[in-house]
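Report on the structure given below.
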Amino acid sequence: MDFLSWWRLLSLWCLTGLLFFHGFCYSQQVPNYTFVHEARGAPPVSYYDYIIIGGGTAGCPLAATLSRDFDVLLIERGGSPYGDQNITNLDSFGNSLADTSPTSASQRFISEDGVINARARVLGGGSCLNAGFYTRASPKYVADAGWDGTLVNASYEWVERAVAFEPRLRQWQSAVRDGLVEAGVVPNNGFTYDHVYGTKVGGSIFDRNGHRHTAADLLRYADPKRLTVLLHATLHQILFTTNKGKPRPKANGVVFQDSAGVRHRAYLKSGSENEIILSAGALGSPQILMLNGIGPAQHLRSLGIHVLVHQPMVGQGISDNPMNAIYVPSPLPVENSLVQIVGITRFGSFIEAISGNNFIAATTGTTRRDFGMFSPQTGQLSIVPPKQRTPEAIAQAVEMMRRLDDAAFQGGFFVEKIIGPLSTGHLALRNRDPTDNPSVTFNYFAEPEDLRRCVEGIRTIERVIESRAFSRFRFPFISIGELKNITANFPVNLRPRHGNDSTSLEQYCKDTVMTIWHYHGGCQVGRVVDKEYRVIGVDALRVVDGSTFNYSPGTNPQATVMMLGRYVCVAFLELSLFVFVCLFFGFDCLGWVV
């Protein structure tokens, strides 16, 4: 037995015994993160081994893992998710997305395609806003990405111990499952995190009490003495040096601004392996690169940005998985549920469903009633001319919705998302303001194959709605065509409507397209970063988040993005042998400390 094999075996024995006594039980209470602070309290100048920009779905696992062996700074432009009932409670899903205030955890943006979307602005990132579905990428996706399967699985397991749960299926979701099987989405695979063809019950980051667990919960794995997390810290600039004889710029620090407008500097300590890691998401990471002079030279110069590295592929290849839906009112009460079931088809569409009274969400002192992500509060009125899409028009639609009978909100949505997609777009800066949204074009359905998959997905949803298994949750006198007309009238986007939405599935897909918040790309591997996620053309700078993906993994990318944050530390960064062995076996070194 060689030394490394012996060391792994000894470490496994020791850790197994220690974990038996200390366990991996995570409290559902607000964690006592002594390392989380407001940026206003940060020193004017500080020094770290690693600086991570963005405390989202990838940034949190990155910070937690690296802090086991290094001094780490994590800066996040938003606040804490803990104590925010709109984030933590399943029943309040949609409230954060509908909140357009400057302090909202969700920052709305509208793509040039006319589709309303959102980007996270909170510790934990998109895992604080989404519908909670947890599922792994397929083995083929892992192989195509060039990842080590053993380390990938260990990294998934590390994530799952803290944030993933088996959901409790009730009547409506059970009918969806049985209807999918009846409609031919087979086999019935039961509960699994794995990406397998057929119908399955997936995981959820909502526990059985309806409490959300986010990527921020992964910070429980951190060494509190070696991690500093700063909230409301907006990146202003990445600092670079250029040494004689080395033409490549090297990142060596950041300038960030706190909520009072005061700027602070943080530098990398001396050391050849120390780095800055961008984890600001599929919009934030390419935007930050361009704001710091890494991107298409002509575009940067047009905004007066000094070109550090001409990198024409920054912001290119960005995609969003189009989502289309059919609303089904129910004659029977239905449970409040988010995505628990998925039908993974062989033609390239994923079928999911949500239901219940989260469409009649409560707010302080009043009752706000809406269709969640399908509402005027979340979308805008697409049935009026652009100049009339005013706050007053939205308020009028909200008031009309408030007057509806409760029965109008009793039901659920079937949604389909296409795999991939093949259609891609681009991202460009509007200005030099780091807090503003960039201009994004996704080019939904530009590729005919994407449209074909959408049509097949809608046809599958129709079969599920008409299945015997689902029959008691639909009114028999409302036809499928009428259901599509009802859905097409929801103010879900800013695109024009056509008279044949209920008869042409192609037109229905184009007119009612929405986001499922799975946008990705813009800093892709082989185009902007290398296979170890290092930015091409500069030193000491990586990008680790969904902007590096060519395709969205699985039916929901959050599991894979969290896994990636862990995996990159295992596979590419200079961890100690002891920490590496722990990670190899899927354990958290000294995790009981926190």
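Here the Cβ of each residue, glycine as well, is placed from N, Cα and C on the backbone.
TrEMBL annotations: computationally assigned, not manually curated.
Straight from TrEMBL, the features:
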- 1-27: signal peptide (SIGNAL)
- 120-143: domain 'Glucose-methanol-choline oxidoreductase N-terminal' (DOMAIN)
- Val122, Trp517, His518, Gly546, Pro557, Gln558: FAD binding site (BINDING)
- Cys454-Cys509: disulfide bond (DISULFID)
- 570-593: transmembrane segment (TRANSMEM)
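Least crowded of the recorded positions (Val122, Cys454, Cys509), judged by neighbouring Cβ atoms within 10 Å of its own Cβ: Cys509. A sphere of 10 angstroms centred on the C-beta of Trp517 (FAD binding site) encloses 22 other C-beta atoms.
Within 10 Å of the Cβ of Gln558 (FAD binding site) there are 29 other Cβ atoms, across all protein chains. The two recorded residues, Cys454 (disulfide bond) and Val122 (FAD binding site), have Cα atoms 32 Å apart. Among the residues Val122, Trp517, His518, Gly546, Pro557, Gln558 said to bind FAD, no two Cα atoms are farther apart than 18 Å.
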